[in-house]
Each structure stands twice: as structure tokens, then as C-alpha cells.
Amino acid sequence: MATFTLSSRTINSLTQKTLPLLTKNTKPHFPFSLCLTLRASKSTLRAVSMSYDKELDAAKNAASLAARLCQKVQKALLQADVQSKSDKSPVTVADYGSQAVVSVVLQKELGSASFSLVAEEDSGDLRNEEGKATLQRIMKVVNETLASDGTYGTAPLSEEDVLAAIDSGRSEGGPSGQHWVLDPIDGTKGFLRGDQYAIALGLLDEGKVVLGVLACPNLPLSSLASHNLHDDQDKVGCLFYAQVGSGTYMQSLDGSTPIKVHVTDLDNPEEASFFESFEAAHSLHDLSSLIAKKLGVKAPPVRIDSQAKYGALSRGDGAIYLRFPHKGYREKIWDHAAGYLVVAEAGGVVSDAAGNPLDFSKGRYLDLHEGIIVTNQKLMPALLKAVKESLNEKASS
């Protein structure tokens with residue numbers, strides 16, 4: 001069965017036209033295309049007909065405040081902040097603090113009765129003796145950040161309050177109900193280097209991403225294509241946000257007037273530039289190079305940490321994003337949920353390597369064919385062809 005997406009304006013228009021027919025006890029006659037539309041999945045209709053304005057405001061506040069915490073910690077970054085996780089990637093005081101702040105803000109603004117958060121961190125390492133000093137630092141920076149805003153009460157959070165806020169991220173998500181999806185610092189290695197990172201926050205409703213916010217503290221407000229890396233006068237700090245059916249907007253983290261953004265309308269692959277992960281361990285750079293060669297791309301890849309790539313692509317800084325993890329790696333939903341919607345609402349396309357849409361309803365992980373590709377509508381056919389040919393060549397060799 002075909003699935004169609006209706007905007008709230010379209011639904012209102014249909015309602016106004018058909019309700020008079022129904023109230024007159026006449027049998028309405030709908031064209032075949034409209035019948036198919038009305039048979040679309042309930043979750044799709046619900047998502048596009050609902051307003052998530054309140055949730056979006058809360059998410060923007062939460063991500064912006066978490067970004068403020070991360071900026072403060074980054075300035076005073078010490079090697080002692082770095083811990084070890086099971087996947088051996090670094091994690092910082094800012095990771096835990098960011099998650100705690102987002103959890104507290106969302107629950108205070110939206111209520112905690114049915115609050116569900118799928119997030120990267122848990123408090124396990126902080127509850128043992130070795131984690132006590134780190135917990136104290138987290139508690140201090142979380143309380144200072146919340147107090148600096150002046151909105152969320154004056155009583156400081158206790159250790160247990162902070163641990164509980166972190167552990168609220170243990171939800172498994174799934175296809176039913178609403179679930180927030182958070183990466184408190186996406187791009188921890190970029191954060192530690194002083195490069196790009198993002199606080200990435202999305203909302204699932206019945207398995208669909210309906211809201212996405214990316215706070216990118218080190219991303220220039222001007223296009224990366226024109227940004228002078230050596231010009232200290234260029235302003236940095238971007239907030240991207242999108243609500244399903246409403247487009248994607250960008251503003252500065254300190255609250256400038258939002259502007260609506262759109263992906264590039266480029267249709268010639270040879271003129272395209274593409275993004276990929278900064279770390280070779282995160283994506284197969286040789287495969288990306290082969291794909292670029294088949295497309296005739298002349299520009300070298302732009303390597304950036306984190307979902308800041310999604311934000312940059314949503315405003316047309318580049319045309320393609322390629323991510324091909326090493327074999328055995330499972331993509332987590334918090335690494336893509338917010339960025340996915342930011343690009344999709346800006347007119348872009350996000351799929352796996354076979355062209356299948358991403359499914360965020362399966363829990364904490366994405367089931368994918370090979371990798372993730374992102375571009376605009378015009379370039380997607382050529383990109384899919386190049387990806388398929390490159391994967392086949394790599395497999396045969």
C-alpha cells in the first residue's frame with residue numbers, strides 16, 4: 001500500500017470540504033487518489049496533523065542550555081575529564097552534564113508523567129568510588145548552568161537528582177508512544193580537539209521522527225564553503241531546528257532571528273562537494289572516495305565530526321553526506337534522528353545505501369543496508385547508482 005504525507009493545511013482543507021457532505025447524510029464520493037491518501041498509516045496522519053510547538057520550544061531551550069554547559073566545560077577542559085566507555089571512545093563531564101540538563105529541562109517544561117528518553121549515557125560509572133570526583137564536577141556544572149538561566153528554580157540538584165536525570169535516558173524507544181532521542185555530545189573526539197560537535201535532540205511519535213534540534217556550538221553561522229578558518233571575526237554557534245511539515249530553521253545559539261534553510265538545488269554531481277566523518281574509524285573513507293570518483297566529484301571531501309554535518313548540509317554548505325561504518329558496527333538512533341529531520345524538512349533525502357528510508361521505530365538501533373547517504377532529490381538517483389556499483393566492486397575485490 002502506498003503511503004502519503006498530508007500537511008495540516010491539507011487535512012484542514014479536506015475536512016472543510018467533506019464535513020458538509022457528511023452532515024447532509026449524503027454519501028461522499030472521493031477520487032481514487034484521495035481514497036489512497038485517507039488509507040495512509042494512522043501514525044503518519046497523526047504526525048503531520050499534530051502541532052509540536054510546545055515540545056519544540058522545550059527542545060530548543062534544553063539543547064541551547066546544554067550547549068552552554070558544553071562550551072563552559074570545553075574552555076576548561078582537562079585530561080582528568082576523560083573517562084573510558086565500553087566502546088573505548090572518550091566521554092567527558094560535559095557528556096553527562098549535557099544529558100542531565102536536557103532531561104531536567106524537558107521534564108520541567110513538559111511534565112514527567114510519561115517522560116521517555118533514549119540517550120547514550122547512564123550513571124553506572126559515576127556510582128562507584130572512582131566516579132565520585134567526576135560526579136561532583138558534573139553536579140557543580142549542571143547546577144551552575146541551570147542557575148544561569150534563571151528559569152528552572154533556585155534549589156540546586158543533589159547527587160541523586162543528577163544521577164536520576166542521567167538515568168532517565170534508559171528508555172528503549174520503539175514504535176508506540178512518544179520518546180525523546182538524545183546524543184548529549186555527538187562528536188566527542190571533535191569536542192576534545194576543539195572542533196565540531198553537536199547536542200542532538202529528536203522526538204519520536206509512534207515511531208516517526210517529528211521534531212529535531214541540533215545545537216552546534218563551533219559551527220560558523222556563515223557557510224563552510226565561504227568560511228575563513230583563520231578569521232576569528234566569523235561568528236560561530238548555530239541552532240538548527242525542524243518540526244515535521246514545517247521546514248527547517250537556523251539561528252545563532254545566542255538567539256538571533258531564525259532563517260529558513262534549504263538544501264542545495266545542485267543537479268550536477270561533478271560540482272558537488274561531500275561531507276564525511278572526520279575520523280577514519282567512523283566511516284570507510286576509501287569507499288567514499290570510490291563513490292565520489294564514479295560521480296565525477298572534483299572537490300576533496302569535507303571531514304567534520306558529529307551531526308553538525310546534517311546542519312551544514314541542510315543550509316546548502318555541501319551536497320552529499322556519506323557514512324559507511326566498518327563491518328559489525330550498529331548505528332544508534334541518537335546519532336541520526338535529529339539530523340535526519342533537519343535535512344528532510346530542508347528538502348533533502350536521507351536513506352540507507354540501498355535507498356530505503358531510515359526506520360527509527362526498532363528501538364535503540366537502526367537496521368541498515370551497508371550505510372547512510374544524504375543528498376538532495378536531484379542527485380539521489382546518480383548517488384544511489386554510484387553507491388551500488390562501488391559496493392559491488394568492493395565486495396568482489
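Positions of Cβ are set from backbone N, Cα and C atoms, glycine also.
Unlike curated records, TrEMBL annotations are generated automatically.
Under 8 Å, Cβ to Cβ, and six or more positions away along its own chain, Ile185 (Mg(2+) binding site) finds Cys70, Thr92, Ala94, Asp95, Ser98, Phe191, Tyr197, Ala198, Ile199. Residues or ranges marked as Mg(2+) binding site in TrEMBL: Glu120, Asp183, Ile185, Asp186, Asp335.
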Residue with minimal Cβ packing [other Cβ atoms within 10 Å] among the binding-site residues Glu120, Asp186: Glu120
Lowest local Cβ density (other Cβ within 10 Å) among binding-site residues: Asp183, Asp335: Asp335
CB-centroid shell, 8 A cutoff, Mg(2+) site Glu120, Asp183, Ile185, Asp186, Asp335, site residues removed: Leu182, Pro184, Gly187, Thr188, Ala198, Ala200, Ser306, Gln307, Lys332, Trp334
